[in-house]
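Features of the protein shown, as given by Swiss-Prot:
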type	residues	note
MOD_RES	S16	phosphoserine
DOMAIN	33-120	domain 'PDZ 1'
MOD_RES	S150	phosphoserine
REGION	152-306	region 'Disordered'
MOD_RES	S163	phosphoserine
COMPBIAS	169-291	compositional bias 'Basic and acidic residues'
MOD_RES	S170	phosphoserine
MOD_RES	S232	phosphoserine
MOD_RES	S244	phosphoserine
MOD_RES	S266	phosphoserine
DOMAIN	307-385	domain 'PDZ 2'
MOD_RES	S325	phosphoserine
MOD_RES	S400	phosphoserine
REGION	408-506	region 'Disordered'
COMPBIAS	415-446	compositional bias 'Basic and acidic residues'
MOD_RES	T455	phosphothreonine
MOD_RES	S499	phosphoserine
MOD_RES	Y574	phosphotyrosine
DOMAIN	604-669	domain 'SH3'
DOMAIN	678-876	domain 'Guanylate kinase-like'
MOD_RES	T905	phosphothreonine
REGION	920-1079	region 'Disordered'
MOD_RES	S920	phosphoserine
MOD_RES	T925	phosphothreonine
MOD_RES	T933	phosphothreonine
COMPBIAS	956-967	compositional bias 'Basic and acidic residues'
COMPBIAS	994-1014	compositional bias 'Basic and acidic residues'
MOD_RES	S1067	phosphoserine
REGION	1105-1190	region 'Disordered'
MOD_RES	Y1118	phosphotyrosine
MOD_RES	T1131	phosphothreonine
COMPBIAS	1166-1175	compositional bias 'Basic and acidic residues'
Amino acid sequence: MPVRGDRGFPPRRELSGWLRAPGMEELIWEQYTVTLQKDSKRGFGIAVSGGRDNPHFENGETSIVISDVLPGGPADGLLQENDRVVMVNGTPMEDVLHSFAVQQLRKSGKVAAIVVKRPRKVQVAALQASPPLDQDDRAFEVMDEFDGRSFRSGYSERSRLNSHGGRSRSWEDSPERGRPHERARSRERDLSRDRSRGRSLERGLDQDHARTRDRSRGRSLERGLDHDFGPSRDRDRDRSRGRSIDQDYERAYHRAYDPDYERAYSPEYRRGARHDARSRGPRSRSREHPHSRSPSPEPRGRPGPIGVLLMKSRANEEYGLRLGSQIFVKEMTRTGLATKDGNLHEGDIILKINGTVTENMSLTDARKLIEKSRGKLQLVVLRDSQQTLINIPSLNDSDSEIEDISEIESNRSFSPEERRHQYSDYDYHSSSEKLKERPSSREDTPSRLSRMGATPTPFKSTGDIAGTVVPETNKEPRYQEDPPAPQPKAAPRTFLRPSPEDEAIYGPNTKMVRFKKGDSVGLRLAGGNDVGIFVAGIQEGTSAEQEGLQEGDQILKVNTQDFRGLVREDAVLYLLEIPKGEMVTILAQSRADVYRDILACGRGDSFFIRSHFECEKETPQSLAFTRGEVFRVVDTLYDGKLGNWLAVRIGNELEKGLIPNKSRAEQMASVQNAQRDNAGDRADFWRMRGQRSGVKKNLRKSREDLTAVVSVSTKFPAYERVLLREAGFKRPVVLFGPIADIAMEKLANELPDWFQTAKTEPKDAGSEKSTGVVRLNTVRQIIEQDKHALLDVTPKAVDLLNYTQWFPIVIFFNPDSRQGVKTMRQRLNPTSNKSSRKLFDQANKLKKTCAHLFTATINLNSANDSWFGSLKDTIQHQQGEAVWVSEGKMEGMDDDPEDRMSYLTAMGADYLSCDSRLISDFEDTDGEGGAYTDNELDEPAEEPLVSSITRSSEPVQHEESIRKPSPEPRAQMRRAASSDQLRDNSPPPAFKPEPPKAKTQNKEESYDFSKSYEYKSNPSAVAGNETPGASTKGYPPPVAAKPTFGRSILKPSTPIPPQEGEEVGESSEEQDNAPKSVLGKVKIFEKMDHKARLQRMQELQEAQNARIEIAQKHPDIYAVPIKTHKPDPGTPQHTSSRPPEPQKAPSRPYQDTRGSYGSDAEEEEYRQQLSEHSKRGYYGQSARYRDTEL
C-alpha cells in the first residue's frame, strides 16, 4: 500500500516493553468462498443473525453472522458459527438489514455462493524496540493485546470472537469495503459503527475516518486521517477516562491538511515542545490542580509520535491492523488506600480485578466488579516502568471529580463532545432524520437481557456534531483543548413553581421547567411503569439542559400527561409526538438515590399481558406463543429501539425473550383475523354448493370435510393487560366434549345446591325445547343464589363471557376414541341416538381451535366413570384459583370492590345471544350444530340426514343459493335482529356481541326478501314438498307445505314462504315484543304477510306469465330474463331440482284457485306442519320467531 509521501508526521511514542514480549498472538481474517446446494428439507442448513436492524446487544456490531450450522446439512464442514457473511451471490452483506440478508438467501434458488471471513490467531515474533523515528518515517507501531482470558461475560479472546457479533470488533476492509459511495453505506462509515467501550478492534484507518474516531468510555484508538477534517473539527476526539488520542498526533492532522500548521511542526518546534512538556512535569487532571499527582516515577524521555497515512490502491486491500486496549491506573488520590498501600503506581496496567481478567473490559464493567468487592479489592497489575499510557498527551475530563477508585462514576465521565455522540443514536426515536455519522452506544448495559428495563433511552443530536467546538490555537494546545467547567454548577437555578393542585398531587419538592421543543426534547429516559420514568441523560445545548433538568430526575408529568405508571415505550412515544416548536412543561423531582438503585437492580417496566393472537418465532431471541398465553413484560424499549418487548412467559420463569410490541401485535392480529374471515367465507361458499346437490352421501362428506376448522374470532385486543385476582362469586361453568350434556344434567341433579342450569329462551317458533339465547340476567340470578350457573353455549359465547368479565370455568372432556365415546354414551344415556363419530370429530375440532378457551381438560376413559369425580374436583379447584382479569376493567371496579355483580351488570349486556348447541364451524349462528351437538334432539335413523351445515347456512332456498352463495350474512342478520330487540328492551350495552355490519346486511336481506315473492308463490315448489319422500331425495324444503293455495286471498291465513316472512316477521317483533303464544305469533305474522300480498300478488302473477311466455317463444335465450331480473333467479334453480315440469305450473294454480282457499281445519293442519318443520330444523325462517322472545 502506498504511503502519502509529501506530508510527514511526528513519531509515535512506543508502548511499554511487556507488550513486546515473545509468543504473542495476532488475529487475522481469512476469507472463504463456499457454494451450498439447497436441501429439500433442510434448506442451506444455516441460521444467520445480526444486521443493521438487529445489532449485537453487547457491542452493536451489525455484521451478518452465521449463528448456527445444522449438523449433516449442506453447510456442515464448510461454514462455521460466527463466520461473518461478506457476500451472497455477488450481493454485499455489509451494513444491511437482517431481513435483506435472509431474503437474499431465500431467493438464491438451489445454489448459493457465499463469501465469509473467519478469524484466526497466529503466533508472531517478538517485536524489537525500534530507534526513534524522524518525521520522514512512515511507520505505525502495531499494538498487540495482552493475551488474557476471562470467565466473565465472554471477555476472553475466544468468547469475543465466537459470540454473536463478537466482543472483538474485527473490521478489516474486505472487498466490499471499496464499493462505490452510491452504496447505502460508504467507506467513511466502516468504522463509525463501533462505539463500544474498550473492545479489541481490527479497524481500517481510512482517510475519511478521522471524525468517526472512538467515543468509548475507556479507550482511545488511533484512527486514520480525514482530509475533510478541518480546524472546526479538531476537538472531535476521544473523551474517555482511561485512554485518549495523542495530542501531537492529532495536531499532525492539521499539518497534513492545513498550511497554517507547517511552521508549528518543524523539527525545531517539535524539540521545543517536547522539552516544554517534560519541563512541566506530570500532567494533572485539571488546570486548577496542576501538581496534584501522587508520587510516581518520572517519565523518561521517549521519541515523539509519528504520523502515518495509509491509502488503498485497490478496493480489496486491507489495512492489516489490530488495535487493543487495557485498563490501567490513571490517577491515584493522596488519601486513598491505594496510595497508602504503596504497591500501586500510576500507569500500572490492571490485569485482573478480583480474579476476573480485564482484557478489553469496559470501565462500567470494571466499576461494577469493584462495587461487588464488598470492602476487599484484589488486583493483579503489571508495572509499566516507562509509564507509556499515562504520558500519552490527551484531554482531561474536567467534568469528572477526583475521588476514590471505588466511587468512580463512569456514567458521568463523558466530555461534552462524547456525551453528544453517546446519545446520537436516538434518531430512531426522536426524528425520522438520520445523522450521517451515528455512533453506537449499545455498550451501556453489559447484561442486556437481565437489565434492559433500566437501560436509558438515547436521544439524537440536534445540531452539527462539532458545531460547538472551540477552535484550537497554537499556544498551549494541551490546555486550550480542555472543555470549560460545566456551566450548570456556576449559579443556582430558580425553577418555576407548579400549581397548587400539582403540588398537592406530586408533593412540595416538585420543580417545573418549561421550554420550546426543538428537533427533539433532548432527554434519555430510564425506568418504566414499575419504578417511574427517570432522566438518564440530557443532551447538551438543548432547552431541557438549559432549564435545569438533571440526570436522576423523575418525570412526573409532561404537559397534561401523567407519567406515573407509564411504561417507557409510551413515555418515549409521547415525547416524540409533541410537535416541534410547541411548549413543553415538565414536572420533575430530584431522586438521584432512587435512580442509582434502579440502574443497579435493573428494574423498569413490569406488567402482565395475555395474548389473543398467534406469533411464530422471528429471531433466536424471540418467543413463539399462541392465543391465551400470559407474559410479564419487563422492558418495552428493548435495545433502545421501538418494536420489541422483553417478556417472561408465565409458568416458565426461565423462558425470557422478545415479543412484538403493541403496535406490531395489533397489525399481526388484524392480518390473522382477516385471513380467518376469508377462510370462513370460502367455507360457506362450498357449504352452499354442497347443499344444492341432492346426494345424501355428498352432504355428509361436505358437512364433515368442508366445515373448516376456523378459530373463534374475539373482541379482545392483541394484548390484554391483565392482573391476577380472585373471583368473588361463583363462576359460571361451561362444558365441552362428547358427554357435556350428560355431565351438565348429572351435576344439576346430584348437586342442586351447587349447580343450576341456566335456562335458555326458545328461539324456534313452535319448538318445545329451550334451545335459543341465554339471558345474562338469568346467570346473574343464579350467581346471586351462590350457585354455579351451568351454561350450554358456543365457544364464541365463551369468549364474550370472558370479555364481559364473567370468567367462566370451561372444562373440556377429551375423548380417547370414537368407540370409547360410543361405549360411554350407551352406558350413561342408553336412549340417546347421537352419532358417536360426529361427537368425536367435533371434540377434535374444538381441541384444535378453541384450546385457549379451556381452563381445564379431563381425559375420558371409557372403562370407568371416574370423570365425574374429576369434574367436581376440577370445578372446586378452579373456583379457588386466582383468575387473570382485565386490568382496565378491574380499575373500573375500584368504587365498589365488594359488590362483584354490580360491575358485571353495569356492562349493560342483559342478554347473552348465543346458541346452546355447538356448531360445526364454531360460529354462534342460530340453529346450527345438527347431530354434532351434545344437547340436540336425537336424530331417528329413519329420518333424513339433517346437516349442521344446513342450519349454519339456512334457509336452504334455491333462489338464495343463487343470489347469495355465502349464507353468513343471513346468520349475522338474524343475530342483529336479536340485538336490536335487546336494545329496545334494555339499556345500551357497553359492547355489542355481534359485528355492527350486521345491520346493513339485515336491511339488504329485507330488501331482497321483498323481491322474492313471485318465486315463492310458485305452487309447484310447494307441491314438491307435500310428500314425505321428497325430503329423503334431497334437501328438506325451506317451508312447511300447505295442501293447496286454493284459499281466497282476502283471508289472512295465507301460506307463509320463509323468506317473505323474515322481513314482515321483524316488523311484527317491533310492534309486539312479547306475543302471548306461538299461535299468536303465527297469526300476527300472517296478517303482516297478507298486507304485502294484497299489494303485489297481481303484479307478480303478471310478471310470471310474461316470463313463461317469453321463455317458450325463445327457448335458446331462456336463461336471459332469469339472470337479468332479480326476482327471477330462483325459478330455474328451483325447477331444475324437481322432476315434474316446472314452467307451466305456476300460473294456473294462481288463476284457477285464487278464489277458494281451504277451511279452518286446513289452516290448523298448516300450523301443525309449521311446528313440526321448526322442530326438525327444516323451517328456514325459524330464527325470526326465536329472536322474537328477546
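Heads up, residue numbers simply count up from 1 along the chain you see.
Each residue, glycine too, has its Cβ placed from N, Cα and C.
These figures come from a predicted structure and were not determined experimentally.
Annotated features taken from Swiss-Prot, shown on the structure.
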| residue | record | Cβ within 10 Å |
| --- | --- | --- |
| S325 | phosphoserine | 27 |
| S499 | phosphoserine | 11 |
| Y574 | phosphotyrosine | 16 |
Practice item. Could you tell me which three-state DSSP class Y574 (phosphotyrosine) falls into? Key: helix
Revision key, fill the gap. CA pair S499 (phosphoserine) / Y574 (phosphotyrosine), Å rounded to integer, equals 22
Review point. Any idea what the Cα distance is from Y574 (phosphotyrosine) over to S325 (phosphoserine), rounded to a whole Å?
Key: 41
Exercise for review: Please average pLDDT over the domain 'SH3' (604-669) for the predicted structure.
Suggested key: 89
Revision key, fill the gap. For the domain 'PDZ 1' (33-120), the DSSP residue counts stand at 9 helix, 37 strand, 42 coil
